[in-house]
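Positions annotated as (6S)-5,6,7,8-tetrahydrofolate binding site by Swiss-Prot: L121, G125, H126, L127, S355, P356, F357. For K230, the entry in Swiss-Prot reads N6-(pyridoxal phosphate)lysine, with the evidence type sequence analysis. Annotation comment: Swiss-Prot describes H229 as site 'Plays an important role in substrate specificity'.
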Amino acid sequence: MIFDQEDYKAFDPEIWEAVAKEEERQQHNIELIASENVVSKAVMAAQGSILTNKYAEGYPGRRYYGGTDVVDVIESLAIERAKEIFGAKFANVQPHSGSQANCAAYMALIEPGDTVMGMDLSAGGHLTHGASVSFSGQTYNFVSYSVDPETELLDFDAILKQAKEVQPKLIVAGASAYSHIIDFSKFREIADAVGAKLMVDMAHIAGLVAAGLHPSPVPYADITTTTTHKTLRGPRGGLILTNDEDLAKKINSAIFPGIQGGPLEHVIAAKAVAFKEVLDPAFKVYAQQILDNAQAMAQVFRQHDKFRVISDGTENHLFLVDVTKVVENGKVAQNLLDEVNITLNKNSIPYETLSPFKTSGIRIGTAAIAARGFGVTESIKVAELIIKALENAENEAVLNQVRAEVRELTDAFPLYEGLN
């Protein structure tokens, strides 16, 4: 019977081989994509559990199907742990992704066609903060705010002035490529000054917020959204937080039946496990290592005149580097580094002049290497290897040397043993 196929290597060797290749790639690549991380075996085990069989439309105690007593316990644990981590009164753990979480938050806060202010994509914002190719930009009237052209930092006086001109119903704070502390109290003041709601997307910094290493938006935002992977080091998924009971009801309705059907209870179980890991004191040590590694790497680039670190540094898990004095564009840099087994992404920089398919910059994040065990010494070495590869793009002998040094690092810090 099909149900007896426990060994998928024998049943489906094509998929098994592809997964094995990905395991090999992750083991022998240095992962610097800021939105990626490495989950624990416990998180993977929960996500791969028998819960994948269970349908459970609705919420704990209010399901549309029977046989949900157990998943009610699991989802309730996830909710309570999320509330404890972030000091929120209400939490919805059902969003399948951060984009789904943002979509539901918009539905709870505004109406189609309403004016919204969100961070410009090239300044560090996210597609769901009003990009024209996103549902957000197509459903709502988004007006983008940017950063100061000189400092490349948020200019709250300029944002306030723009808000008074635009009169938005909602202001969205948060970013996917902004490397400094965000003052959410300032955004609250601006929102109040123009009678707007405030939503914060803390997807990238949630783990730092949880560890007390970045100010929390929860006391200031009407709704806070996040992903559960990235710096939270959980499974891929979303989370919505609020302290407002009426908004909590609107959020729940927006998720189900609004934009989703049955929740992924196996993923919610994995979220619950990850949340328990976040509540362990060891997580704060991990989060501090993320910061230390990012700042050490950024400093290496700052000391090389051919590279420019955007906004001159970092206060979180990521930073951007303008590479156009060394290679043609960010895409070239990304592809070259892929060849030496260093994985990162091309990224637009503030007031970008190149297309988003090329970009002037690269984005470097340290959440995954910190999870793997890399410290400051290893992080500095990685930064030096990136520079070495980019400055010697046509020198195969040097690139081979970089590959060898990358392999030494990855062999010294294995991901998982006996996984496949």
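Heads up, the Cβ atoms here are built off N, Cα and C, so glycines get one too.
Features as recorded by Swiss-Prot, highlighted on the structure.
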| residue | record | Cβ neighbours (10 Å) |
| --- | --- | --- |
| L121 | (6S)-5,6,7,8-tetrahydrofolate binding site | 24 |
| G125 | (6S)-5,6,7,8-tetrahydrofolate binding site | 26 |
| H126 | (6S)-5,6,7,8-tetrahydrofolate binding site | 24 |
| L127 | (6S)-5,6,7,8-tetrahydrofolate binding site | 16 |
| H229 | site 'Plays an important role in substrate specificity' | 26 |
| K230 | N6-(pyridoxal phosphate)lysine | 28 |
| S355 | (6S)-5,6,7,8-tetrahydrofolate binding site | 10 |
| P356 | (6S)-5,6,7,8-tetrahydrofolate binding site | 15 |
| F357 | (6S)-5,6,7,8-tetrahydrofolate binding site | 9 |
Between any two of L121, G125, H126, L127, S355, P356, F357, the residues recorded as binding (6S)-5,6,7,8-tetrahydrofolate, what is the biggest Cα to Cα distance in Å? 16
One of the binding-site residues L121, H126, S355, P356, F357 has its Cα closest to the Cα of the residue listed as 'N6-(pyridoxal phosphate)lysine', namely H126
Three-state secondary structure, L121 ((6S)-5,6,7,8-tetrahydrofolate binding site) (per DSSP): helix
